[in-house]
Amino acid sequence: MASPQPQPPYLHLAELTASQFLEIWKHFDADGNGYIEGKELENFFQELEKARKGSGMMSKSDNFGEKMKEFMQKYDKNSDGKIEMAELAQILPTEENFLLCFRQHVGSSTEFMEAWRKYDTDRSGYIEANELKGFLSDLLKKANRPYDEPKLQEYTQTILRMFDLNGDGKLGLSEMSRLLPVQENFLLKFQGMKLTSEEFNAIFTFYDKDGSGYIDENELDALLKDLYEKNKKEMNIQQLTNYRKSVMSLAEAGKLYRKDLEIVLCSEPPM
């Protein structure tokens, strides 16, 4: 007799713990690419509907496609046709939603980058797993969010399991930035236009007119605008200002060095 399909975990519970949330995530993000998309998304949506109805299968009269479209409009905040972890956290009732906890309280990507900068001292685009606890604790402090030691420990463990997928004890900036609200997540905005080292060097050299090895805020502004135009991405001034501020929080005394900017704009740092 064929064994029954394993039940997708806990979609119906009133509140999920951080680790239950993680199990759901891993269950539906079957290929582990950090998104629920395509077939995975259909499976997730179907199970969610089932759990919401609590009545076994959905009735055929409900237009699945329509409902799914509505659902995506509501939850796919950056409209890329995929659900990422931070978006999923808004759908599922996570225990005092620990991801939302970060996302509501990491007030801005600037705060996030400031905390990041403190731990990624060699500008590698990674922090070590053993620094994660300090990083999270700093983020929560910036957010004036009270937490106790066991909670912090649990957050740290769960986030490690979420983000250190290859177990190398390092956490990449672009992974960790998933803790940010999608609208705030300027790193995601660059995802579609990551540069190779050659492209990056050419651009940096172009804006670093005097060859000093760093650019200032105005040059960064011009660089970002050009990048966006080149990629035909819409960008309002407010967003641009926010991104500039976030990126500049990596700078030293108003000087943004090549290596700082590379972390944000280049394809993943070499493994």
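Note that Cβ sites are derived from N, Cα and C of the backbone, with glycine treated the same way.
According to TrEMBL, the protein has these features:
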- 16-51: domain 'EF-hand' (DOMAIN)
- 63-98: domain 'EF-hand' (DOMAIN)
- 107-142: domain 'EF-hand' (DOMAIN)
- 151-186: domain 'EF-hand' (DOMAIN)
- 195-230: domain 'EF-hand' (DOMAIN)
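Across the domain 'EF-hand' (107-142), DSSP classifies residues as 25 helix, 3 strand, 8 coil.
Look at the domain 'EF-hand' (195-230): DSSP puts its residues at 25 helix, 3 strand, 8 coil. Model confidence over the domain 'EF-hand' (195-230) is summarised by a mean pLDDT of 83.
Residue counts for the domain 'EF-hand' (16-51) under DSSP, split into helix (H, G, I), strand (E, B) and coil, are 25 helix, 3 strand, 8 coil.
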